[in-house]
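Taken from TrEMBL as is:
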- 297-401: domain 'PFU' (DOMAIN)
- 430-675: domain 'PUL' (DOMAIN)
- 14-54: repeat 'WD' (REPEAT)
- 84-106: repeat 'WD' (REPEAT)
- 145-176: repeat 'WD' (REPEAT)
- 184-214: repeat 'WD' (REPEAT)
- 224-255: repeat 'WD' (REPEAT)
Amino acid sequence: MEIEFKEYQLRCQLRGHEDDVRGICVCGGESIATSSRDRTVRFWTLDPSDKRKFLSSKILLGHSSFVGPLAWISPNEEFPEGGIVSGGMDTMVLVWDLRTGEKVQTLKGHQIQVTGLLLDNKDIVSSSVDCTLRRWRNGQTVESWEAHKAAIQAVVKLPSGELVSGSSDTTLKLWKGSTCIHTFVGHTDTVRGLAVMPELGILSASHDGSIRLWAISGELLMEMVGHTSIVYSVDSHVSGLVVSGSEDRFAKIWKDGVCVQSIEHPGCIWDIKFLENGDIVTACSDGVVRIWTTNLTSIADPVELEAYGSVLSQYKLSRKRVGGLKLEELPGLEALRIPVFDVDIGDGEPIRKLPYNRSDNPYDAADKWLLRENLPLAYRQQIVEFILQNTGQKDFSLDPSFRDPYTGSSAYTPGEPSYNSANSAKPLFKHIPKKGMLIFDAAQFDKMLKKIIELNSALLSDPDKKNLSLTELEISRLGVIIKILNDTSHYHSSSFADVDIALLLKLLKSWPLAMIFPVIDILRMIILHPDGASKLLKHVENENDVLVEMVKRVTTDPALPPNLLTSIRAITNLFKNSPYQNWLQKHRSDIIDAFSNCVSSPNKNLQLSYSTLLLNYAVLLIEKKDEEGQSHVLSAALQFAEEENAEVDSKYRALVAIGSLVSSYNLFFNAQFAR
């Protein structure tokens, strides 16, 4: 007979953490441990005066950064009242004795954030963003292996003893010892959370918004879809219910693959767990732990229920304003749905993509698109009519105040009289003059960090250079830097600490010359991050100009190709930031001359990087009307064009630089003659 589902309601709220609650651990039948971004672990026990509620009985302090995964050590001879294992952003795994509330072991070995923990008999198993799984016994690593090629986000143990790991590489892996016996493929994004489904298999939660149930054989048994954002966590109960927590602020309860209830929260849900009695515990970004129940005798008082409803209402109201603007007054979703049209201009040219938003002026859109595609402005009216036809704007009327952003005149309107300009149209060429800067933004962040860790190990093993090696805390900070750089979707809001930039510059200055190329490569990407570029600028504008010193160091004999390649690309990326353009103009002569030998280098990547540097300089100096600088770049680019062994793409960029510079000279001459 099928058991009737009863809706969950708020039982109690556990307040005490001062920042996001990140992890939950169910400790036996009547206790809970929680971890937080506030660097603490809290242990909660039932309130003897009100069995619906929990009290914070211990606060465990020891991590130097936010705490994530937790594991429960059942009471034994060593831990009469049980123990807690915690993992943190600080790369540490700490073991706590709940009888004293003291830290009894510090397990050091991971290079980056610890993401998962479990107990395997008396062993501790941990997972990390450093791509490894580690087995600890009596405070020491007894086994460590690279389990995935990307960050590991979770690990669980099956009743049969095997381990399962989930990773940012989108897969799950089944392990017998350190041997992978199966890889589960199906998710399209990071696997963030795992849980065992009794007698059925393994549950996985993913950034792709889904929860999947897998048989141990690897067969996909069920997919649960309903969340509208990242699913951070999942858990199951012996009753057959499944629960999930998401960035979308909802805890969802699933029965037979169907969502039977959604519980809204005033923030994202980082973790979610079932208690033995079927109650649900949620960890929220508002710093509050909440317990939900179907037991009518355990539901919170009406006053607390009403207060929670008020918190939700206030939270949703606060989200309706962005920067003082009411969201309801902003354009709807339709304004964000920008159609992209295929435009066939004939003449053997490839199909071009034309993006257009209905709120745009079609003449303005046509002009910008033609210029971006290096097409003649003679196509303008055809493009406008094409836009109007494909967007259904038959009755479009031109704003009388509209002025062409490039000519300053009104747009041509069919049926209206035309007026010939006194100035004849200037010829428009396809590739010149070059507009905009080129950058090197492709990066393998995991490999950067892995290389630095490898080089650091070499320093540690050399008695004469051991003093140059990084501390574990410094390696942890590098992991944080890499994580920020890798999260490009938050470049507008993420930031670096001053010590992060100082750490990179210290390595740039103190590490052996043959070891600094991955450090320069990280700086290359720092330059493309708004806050990173801003903080680095402080070290460029003072008398100890770190970039000038870097160029001098990497180009002094012996000049090593990896250093030359990464430093040229880093300098090239500076062109994208206007605050650096005066610096680039000021040091133009030294920079171009320092790297000039790259023209004849047998390394094709070096050639391409140097030719890109010259092309960016051509664009900048034309804009700055720096005639002396233009002559210098023209000379360097001509040297490239004359080089017999120059790689094709490199020579092409040099020729575009030459064409742009010559074109600017002609325009300047014509302007002077017209006077």
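Each Cβ is built from the backbone N, Cα and C atoms, and glycine gets one as well.
Mean model confidence of the repeat 'WD' (84-106) amounts to 95 (pLDDT, 0 to 100 scale). Sequence-distant contacts of the repeat 'WD' (224-255), counting only residues of its own chain at least 6 positions beyond either end whose CB sits under 8 Å from a CB of the stretch, comprise 3, 5, 8, 192-198, 203-207, 209-213, 261-274, 278, 280, 282-283, 292. Long-range Cβ contacts of the repeat 'WD' (145-176) within its own chain (Cβ-Cβ under 8 Å, at least 6 residues beyond either end) map to 112, 115-120, 125-133, 182-185, 187-196, 198, 202, 204, 206, 214, 216, 218, 446. Within the repeat 'WD' (14-54), the DSSP-based counts of helix, strand and coil residues read 0 helix, 22 strand, 19 coil. A Cβ distance under 8 Å defines the sequence-distant neighbours of the repeat 'WD' (84-106), meaning residues of its chain 6+ beyond its ends; these are 25, 27, 33, 35, 39, 41, 43, 58-60, 62-73, 112-117, 119, 124, 126, 128, 136, 139, 472-473, 475-476, 479-480.
Broken down with DSSP, the repeat 'WD' (145-176) shows 0 helix, 18 strand, 14 coil. Residue counts for the repeat 'WD' (184-214) under DSSP, split into helix (H, G, I), strand (E, B) and coil, are 0 helix, 19 strand, 12 coil.
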